[in-house]
């Protein structure tokens, strides 16, 4: 009973924080609101450790039925909390990163008048993510799924007076609604064919669903898994549905850290892992997931190379790392995917919040306009360096263990996406060093007064990052130990399912495969330092007056026109033209169609329908009003005229007949 109450508290404390700060927004004291938000989230994080020790390490499963929700005939759905090893590790990632972001926000948003509203939205965001990962059925999961989508809209567009923030929020909302349409179709299909939305009932029907062929060689399970994965692609920003993610940087930096590290974007990876029982019986969709993940990790990393906005580089890095996670799930290494999800939560939050400290100090996001900040902000420099090395996968940091686990699984599965993963690892190291060299080394490009006043942020912003540094160091070692348990899937043995135990295949990979990820990371580091150590390194602008004294002049236009390297750089700089393609193929046709409907609705239907009728009535009433002159002789004329017309009518009638 005690553990059940703790589970309820973990989820309800963020909700209570959001409700209290949201309802009493205008009357509550600012300091009290901050204490409530950070205190409640910190308690939730501490409670999650207790549940991790009980459920995760001891192998217990907690299932709490809170109250009935839907009951139609034999179809029943309850509000429930389901805690197993997978949920408990997600609780750790979500609550700890969220509580750190809440504390960091006290300093970052200190001068913002809407800080209480901001904390309310952050807490609500956390609640929906916790509800998502603790559900025991697809409908409750969809409730949390849509909840994090709505909260992301509110937080990305938090500065609603800023037009670009509003556009980014709408863009994120619409793209996620498009993918969520596929997701809800998948849930409906599950309910139709299984008669239930509960995980236990649906997952036990996986083999049966795989034998129901609907056309060609596709089973109904293939369709279900495809629809669910399309939903995951939108939420986790995979290639094709990724375009909202960099625009989400318009929100405050703590929002970026929360969205990209522990909530929302990780929901898709969690869903695939939770539904491993379904996906294992759909090998075709698993291959599709592997390809999408592998292509995304290389695709996003290549874009990050060419960006100059510090937050957008890290955003594309998130997109790339999510690709790694999906690639792991695609080769049935769900445990490796979740392992990387958790380690990534710590070092990516560290990177975002360190970037926030830089932005807070110099009020600039273009890395080519910074430089030489390592002496001004040594703690931030150290934090960013640790986060970057963890991202690259350097031993003994967390990324080394989790990324290595994914690439080993990809290699052992025989997937050619292993090559994509290795290539992405090199690019990851290059763009990580690009930020470090241009922001913290070299000659500063900042204005003199800005550079002189640059300093470390307040302790309320710096101190919480110590926990993220600890997580970036030790989460990998702990995770490696948990996965090494003498059971299939290690720590996740009761949560994940493998139709073919891939673990036997990778128990003894070649030594060079184990060392290759870190080796290519080191190559990328050296390359990044070489390319960006010069203060005259180019920023790839659209036009440049001269290429003289520029080390990387090979990328400029040749005397014969555009070189292949310039063409590639333009493609990368313009993000493979996805926005332009969508604008041409989707946005403009929809706008044209909307204009056509507007013409038909406003200019034809309304003009000759309700509006036209009202104009006729108005004209008639005006004419009628003019008859009422108030003069007796006018009324006498009307009477005489009426009598004359009446008599004339009857006389004419008699003459005719």
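FYI, residue positions are counted from 1 along the chain as it appears here.
Cβ coordinates are placed from backbone N, Cα and C, and glycine is handled just like the others.
Positions annotated as transmembrane segment by Swiss-Prot: 5-25 (among others).
For 32-52 (among others), the entry in Swiss-Prot reads transmembrane segment, with the evidence type sequence analysis. Here the transmembrane segment (32-52) has Cβ contacts under 8 Å with residues 3, 6-7, 9-11, 13-14, 16-17, 20-21, 62, 83, 88-89, 91-92, 94-96, 98-99, 102-103, 106, 115-116, 119-120, 122-123, 126, 130 of the same chain, all six or more residues outside its ends.
Here Swiss-Prot flags 114-134 (among others) as transmembrane segment, drawing on sequence analysis.
Look at Swiss-Prot and you will find 172-192 (among others) tagged as transmembrane segment, backed by sequence analysis.
Here Swiss-Prot flags 285-305 (among others) as transmembrane segment.
The feature transmembrane segment is assigned by Swiss-Prot to 313-333 (among others). If you look at the transmembrane segment (313-333), the same-chain residues 6 or more away from its ends with a CB under 8 A from one of its CBs are 232, 236-239, 242, 245-246, 248-249, 256, 260-261, 265-266, 268-269, 272-273, 276, 279-280, 286-301, 303-304, 307, 340-341, 344, 348, 351-352, 355, 367, 391, 403, 405-406, 409-410, 412-413, 415, 417, 420-421, 424, 427-428, 431-432, 434-435, 498-500, 502.
The transmembrane segment annotation in Swiss-Prot covers 339-359 (among others).
Per Swiss-Prot, transmembrane segment is recorded for 381-401 (among others).
Marked as transmembrane segment by Swiss-Prot: 416-436 (among others).
The transmembrane segment annotation in Swiss-Prot covers 465-485 (among others) and is backed by sequence analysis.
For 511-531 (among others), the entry in Swiss-Prot reads transmembrane segment, with the evidence type sequence analysis. With a threshold of 8 Å between CB atoms, the same-chain residues lying at least 6 positions outside the transmembrane segment (511-531) that come near it are 392-395, 400, 403-404, 407-408, 411, 422, 425-434, 436-437, 537, 551-552.
Among the features that Swiss-Prot reports, transmembrane segment is placed at 632-652 (among others), with the record citing sequence analysis.
The transmembrane segment (339-359) makes no contact with the transmembrane segment (416-436), as judged by fewer than three Cβ pairs under 8 Å among residues 6 or more apart in sequence.
Ranked by Cβ pairs under 8 Å to the transmembrane segment (381-401), the stretches 5-25, 114-134, 416-436 are led by 416-436.
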